[in-house]
2 protein chains.
Amino acid sequence: MAKGLLIVLSGPSGVGKGTVGNALRKRLPELTYSVSATTRQPRQGEENGVNYFFRTREQFLEMIEKDELLEYAEYVGNYYGTPRDFVEQTLEQGKDIFLEIEVQGALKVKEKFPEGIFIFLLPPSLDELKDRIRGRGTETQATIDHRMSVAVDEMNLMQHYDYAVVNDEIDLACKRIESIIIAEHCKIR
Amino acid sequence: MAKGLLIVLSGPSGVGKGTVGNALRKRLPELTYSVSATTRQPRQGEENGVNYFFRTREQFLEMIEKDELLEYAEYVGNYYGTPRDFVEQTLEQGKDIFLEIEVQGALKVKEKFPEGIFIFLLPPSLDELKDRIRGRGTETQATIDHRMSVAVDEMNLMQHYDYAVVNDEIDLACKRIESIIIAEHCKIR
């Protein structure tokens, strides 16, 4: 049986990965989506094993220790990571698996799965990205400047990806991602 | 301005290239379709410059002489070929151009445009292809056997292509081709 495809969606902070990822879940319910592990507390309505695998800090550190995570990062005091087992089992079953993760994490996954399909989500323009980062809330100018500089650094990592998808409209971005998956299945290797 | 993509659809005799090509014209009317030159007589309703460029044998031989054709072949006593000018002009304008041609011709085009996207249309199975070749009309067993052997030889050339699209249902085949075009436009080169 042919192995499934590992599909990674990433892109700079503020580009709308989460929104596109959620829209894709509705558009392509037959695709298997990786569930991240995290040490943060479940929010109202979040289910263990569905939205996240909720783990204690101790459990998470043990997962790191045992190399059970394809990638992980600490963000605002909490750990987030991609459990390796679920990804590998899904691929072995001949099914595709979709990961929506940060740019640095995606490059870590690429070291382990160079044959994966790496999609970089782009803002329509840098100005648009700035607006989105600013639009998030009530951050200070210094915070906005810092986030913007991180985002620009992340943009420079696009060269390591296979595809660039512009997030001008969510539906269009989803259609492009779906097209990439269909095309990759037609590829003669 | 970015150049357009050269997209070539080919596949063994009897696989349904023409049917899929025609369905694609309806589905993607914004795509530019290459118009072949031919020495055969126009059929009822066919227009010069739309269905074909109708040429005399003398004119066609002059086009060959002047290297004005990307590929050509003789079939049942008539010449068919792809005028180079129209293809190159379309690409220069930044527009994609679509060619639906025979397997041997496609490989000739690949020599001139290695950066083109070469799509091989596959029958769902060899038995299905045999049925389609047989189903064409009232050919003798010897003719059917010959066509089948040509088709099998053509199938072996699939390795030189970028994508394989199964023609199980015309709509699905068209969707796959459309997906390949969208994905290729997202590719980071």
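Cβ atoms here come from the backbone N, Cα and C positions, even for glycine.
TrEMBL annotations: computationally assigned, not manually curated.
Among the features that TrEMBL reports, domain 'Guanylate kinase-like' is placed at A:4-182. Taken from TrEMBL, the feature ATP binding site applies to A:Gly11, A:Pro12, A:Ser13, A:Gly14, A:Val15, A:Gly16, A:Lys17, A:Gly18.
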DSSP secondary structure for A:Lys17 (ATP binding site), reduced to helix/strand/coil, please.
helix
Please work out the mean pLDDT for the residues of the domain 'Guanylate kinase-like' (A:4-182).
93
Counting all other Cβ atoms within 10 Å across every protein chain shown, which of the binding-site residues A:Gly11, A:Gly16 scores highest?
A:Gly11
Look up A:Pro12 (ATP binding site) in the DSSP assignment and reduce it to helix, strand or coil.
coil
Using the recorded ATP site (A:Gly11, A:Pro12, A:Ser13, A:Gly14, A:Val15, A:Gly16, A:Lys17, A:Gly18) as reference, state which further residues of the same chain have their Cβ within 8 Å of the centre of those residues' Cβ atoms, listed in sequence order.
A:Leu121, A:Pro123, A:Arg132, A:Asn167
Within 10 Å of its Cβ, which one of these binding-site residues (A:Pro12, A:Gly14, A:Gly18) has the largest number of other Cβ atoms?
A:Pro12
Which residues, sitting 6 or more apart from A:Lys17 (ATP binding site) on the same chain, put a CB under 8 Å from its CB?
A:Leu9, A:Ser10, A:Gly11, A:Glu100, A:Leu121
If you count, for each of the binding-site residues A:Ser13, A:Val15, the other Cβ atoms lying within 10 Å of its Cβ, which residue has the minimum?
A:Ser13
